[in-house]
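Comments concern the structure below.
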Amino acid sequence: SLLEFGMMILEETGKLAVPFYSSYGCYCGWGGKATPKDATDRCCFVHDCCYGNLPDCNPKSDRYKYKRVNGAIVCEQGTSCENRICECDKAAAICFRRNLNTYSKIYMLYPDFLCKGELKC
């Protein structure tokens, strides 16, 4: 769920999901369109695509369990949906960490009307 994803983001990046990733660029937050603005926004685009591959799951509300082993995120065994949601969230949180050096505050609270066009997964 968004709760676990938010914790993963905080643990990986040291930043709170809200406000740092909740409406960043064109893809972080609800929905998305256009070309991602930077590497962090691209993490969100890929995350949206990952969720899009889970049509029978509820990624924003389905809870899952994960732990850390030697600092690494390990998704714990759950239902098929829980496992796949956790893996999507894990990949995004790691992607955010890997791209912290290019995170730009100019894309925080980015206005939706500046995001034009469609990009397919």
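Cβ coordinates are placed from backbone N, Cα and C, and glycine is handled just like the others.
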Could you look at Asp48, Asp56 and say which one Swiss-Prot places alongside Tyr27, Gly29, Gly31 in the Ca(2+) site?
Asp48
Of the cysteines Cys26, Cys28, Cys75, which is paired with Cys44 in the disulfide recorded by Swiss-Prot?
Cys28
Let me make sure I read this right: Swiss-Prot says Cys86 forms a disulphide bond with another cysteine. Which one, out of Cys57, Cys75, Cys115?
Cys75
Of Cys88, Cys95, Cys115, which cysteine does Swiss-Prot list as the disulfide partner of Cys50?
Cys88
Spatial neighbour of Gly29 (Ca(2+) binding site) that is closest, considering only the disulfide-bonded residues Cys43, Cys44, Cys75, Cys88, Cys95 and their CA atoms:
Cys44
Taking the centroid of the Cβ atoms of Tyr27, Gly29, Gly31, Asp48 (Ca(2+) site), which other same-chain residues have Cβ within 8 Å of it?
Cys26, Cys28, Trp30, Gly32, Cys44, Phe45
